[in-house]
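Take a look at the structure set out below.
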């Protein structure tokens, strides 16, 4: 390659002729080369463009007719001599240095449009190809020739599209090619113009130029001639068929011209599209142009990421000028296709300039956005962030502001428009840097928001009036200083405006400490607690919003309230004091807990305490040494809780204290039993801290549920916000229970030691083949997979051109290699099934929110890709791959194509299940529609959807009811039914029947007095049900409820609404009216019945009354027990006169006073005879005789005797399984049944229907008295052998029945005989003892056997 250069168009060897220079530079240079590329798959782009495909020669690409113009001032010196031109007369070679006017439109017509005003922004690819190569001020866009910068630096060139760098695009006379020249039909004339310095030296040429051209002309159908051009240039002109001319000129340039290097920057996000899948695109360009193309390498993971506007990569093109230019055109065309839009984040601009840039008066920026595809977002900046505020300059000089990367200006839209706006912003910021200064103004903190903010003026209005902006301290900052930014001559005006706005506010003071001066911990401490609680609950914000006020809540208790007017300030103060009144000291309780537990309390325990005890827990921040504060609220949910505004009662205060004590005990129980909290430090080099942090995270993830993890700090103790930063220390701080700290400390020491050993082996490298076609899967979306493997195996993994390189400790590198190769093996086994599934079934197969397809993917370990819908509604379910190949695959996917991809076994099984599911969906995808009236929809749906759900359950069909907005003006709704054929037909039939019934439905309203409503309904709705059924109405309860609707009891009006088929409605209305008429003709009579006889009329559950009402056709109203006076005994009978008379007579007959007799019964025998009221029931059932006690209360039931277990009453026998233990080892106790009973008598009044019944009942009572007098003793017998009890009972109870009959006693044998329970014998003393003896005899006899 030539070492000579050309500066400003002047040759360094100007003293020689062109031929002499060519002979000196002659050298053989015909080496074939292969393009150097990096095989990177095209992430999500389309297939290579036709011009890049091997089947279409680039020389024949008609798109070259629109190659973007070159920049005006960006032509390099050495390449400045090559220009396409029309046929021009040669000029004599000058003896003096020749200067080429590269800006001459006459000499270089194909460079672009006539000279215009230079653009204000660096050139970029935009939507208009003509703007591709415009340069800014002749600096940006300058390319590099032979590796040397020709103008601006490489850094500046990255912001723009590279210029032509003096390489001239050949001029064509064909209609589809460049240049307007046109000759004979079918003949093309094309020429290239080169500076002599661009030719090879004479000694590098194989033959003289003329001979080279003669040989080319012999082999080609075209003719190439060399002529002298203007300014000492050489013109190579070819004529002939179009393709042959281009090939001949290309061959001539290849043999005669020296190789040149051209470096053009392209956006990093387009790199994959230029390279193509496995390098296909860039290989095609290199093959068709003959140029060697290299693209700067990037880490594979970064290629897949979305890059910003300024992220560029370099493309180096090497070859003869003709090949270089053609390759450049192809690359620029690809870039143009994909870079019509751009986005940029400007992080280098200080936010203090934002108000001035976003001001409505900024006409220049507003004009640049008007009618253009450009969006600009400038963050609002009214308060400085966590960093320190800027320093005030001396003498109001220009202020220095620091940019904040976390709040950049965002630009998006047309690439050219974005670039121009970016340049305009930079220009305005440069002016603002020279113009703006900074001043501090002291204003009370509470008045700040009345200056600029919701309660003050807007920042734009302030800026428009004063020319300055205001920066407030952030929330939570106690500073009083405001910062005013603006021109020095406007600062004073801004300060006056701030003072005016601040002074216009009214203020009031609230001393909350005085409200509870007698607090147990002092008024000051309580004021601090209240302030802390209300701030944490954000309770004061509501008051501020309600009154347009600002409340400065000072923990000391002196609260300052600011508002726009005195009235609002006083109202806000009153509300604040009421709020303080509702929060006395009894609601608060501090609790000292080690800070180690604070995070656990904040995240988990606080919610439990609030839910169980109604106590709100306030946990202090990390750098706050305040205790935990417990505040009682109530049992309602936090969202429903309303802050009290009045003092609680003494009873409420006691409830507060109990709840606080329980909450405090809950927290103490949670932390009780824990070991002592200790702190330890572990030496760990700073470079290991990230790995230590991940190791600790894994350790904590493996902890048992409920165990509080050890607190871990890195680089020394954490610093409070605002503290001066210290250099991080090579330590790891541990704090927690002793055993837990020791455990993690031992783990960390071993881990750090292993890391130190691994550090010595970091240079170990493994390289192995990895199939390039699976590179995207190894990398993952945005590098997710490869980064995860790097973290998991602690190695560096690089993937380049089918080679995978793993660098790190040997053991870890080998493990990573095995994992990667296993992944490749698994991918090799991967199978792909393309299923043709109609799009209408996709939604059912995917399932709600992708549940169905996600289940298949998880079960079989495969990816199921459904084609994306236009609205992207199922994107989450349709995309199952992380690799860019999946995205590209989906772009090429057919609407009915579903792709299943994964391990062959899982893919086959997933395919089969998916097809089975498809068949099921098809079988259940029958659908039809039924037209119903819009007014019928509520009745079809039912209350709470019950009717529709019942229809779905009955038929198994899916029924979709359209919404009101989907119903047309006809008033008819189309209900869609979907499911199996049988289910659809059944649902359609039911709905059509209901629709037909509804269409024939009429509605009538009956105005009937409410006094009749109860009788129409009847007891339990029986009368109404009977009326509806007799009229031919529905039989089910829900339909009956819709048929007749009564007004609510509390509502006004008497209207009864009847709805149904016309015939049924007419019958029902007639029946109801007849019932009402009958009710109006009824009479009411009263029967005097004693209250104690009312039960005879009511019966169990009202059964007797219903029978009487049905029997006589009347309504009987029995007085309630709560009534008093004469009404208590008046039973009202309503109905037809004859029926009332008959019912009254019957009632009086059954309630008349009965025959009776009184018998005095000893009180001690009362409960023995009553036998738990069984005796009374037998008399009533057998003889219709009732028993009363003449108003006396029955005696209390005496406690039943129980066997004694102490020494005074006989020792318990030794329970044994030894059958030889004799009966003499038993335990026996005898008790008098009536020894402790109440003395005296109680009357038993027997009342019955006849003297005979009374006599029979009396006889039974006399016999019961005699039996009770005899049964005055109870004995308890405990046998030593549990097995002996069964002998007492005998087979089928025969033995015990014999003993009972023989002795006249009652004998109860316990069920659980293994527990030493006693046999209970009741009767006369003689009978009881006799029974005992017989039982012991039976036991002894069986023991001998």
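Just so you know, glycine gets a Cβ as well, placed from its N, Cα and C.
Note that TrEMBL annotation is computational and uncurated.
Look at TrEMBL and you will find 1-19 (among others) tagged as compositional bias 'Low complexity'.
Residues annotated as compositional bias 'Basic and acidic residues' in TrEMBL: 22-36.
Under the heading compositional bias 'Low complexity', TrEMBL lists 152-165 (among others).
Here TrEMBL flags 878-894 (among others) as compositional bias 'Low complexity'.
Residue counts for the domain 'K Homology' (258-336) by DSSP state, with H, G and I taken as helix and E and B as strand, are 41 helix, 20 strand, 18 coil. Positions annotated as domain 'K Homology' by TrEMBL: 258-336 (among others).
When pLDDT is averaged over the domain 'K Homology' (342-430), the result is 84. As annotated by TrEMBL, domain 'K Homology' applies to 342-430 (among others).
The domain 'K Homology' feature in TrEMBL is assigned to 435-503 (among others).
According to TrEMBL, the domain 'K Homology' annotation covers 762-825 (among others).
Taken from TrEMBL, the feature domain 'K Homology' covers 829-919 (among others).
DSSP labels the residues of the domain 'K Homology' (924-996) in these numbers: 40 helix, 19 strand, 14 coil. The annotation domain 'K Homology' is assigned in TrEMBL to 924-996 (among others).
Residues or ranges marked as domain 'K Homology' in TrEMBL: 1000-1077 (among others). Summarised by DSSP class, the composition of the domain 'K Homology' (1000-1077) is 43 helix, 16 strand, 19 coil.
If you look up TrEMBL, you'll see 1081-1152 (among others) marked as domain 'K Homology'.
As annotated by TrEMBL, domain 'K Homology' applies to 1153-1266 (among others).
For the domain 'K Homology' (1270-1340), the DSSP counts in helix, strand and coil order read 41 helix, 14 strand, 16 coil. According to TrEMBL, the feature domain 'K Homology' maps to 1270-1340 (among others).
Positions annotated as region 'Disordered' by TrEMBL: 1-191 (among others).
The feature region 'Disordered' is assigned by TrEMBL to 715-734 (among others).
In the domain 'K Homology' (342-430), the DSSP tally of helix, strand and coil residues is 33 helix, 16 strand, 40 coil.
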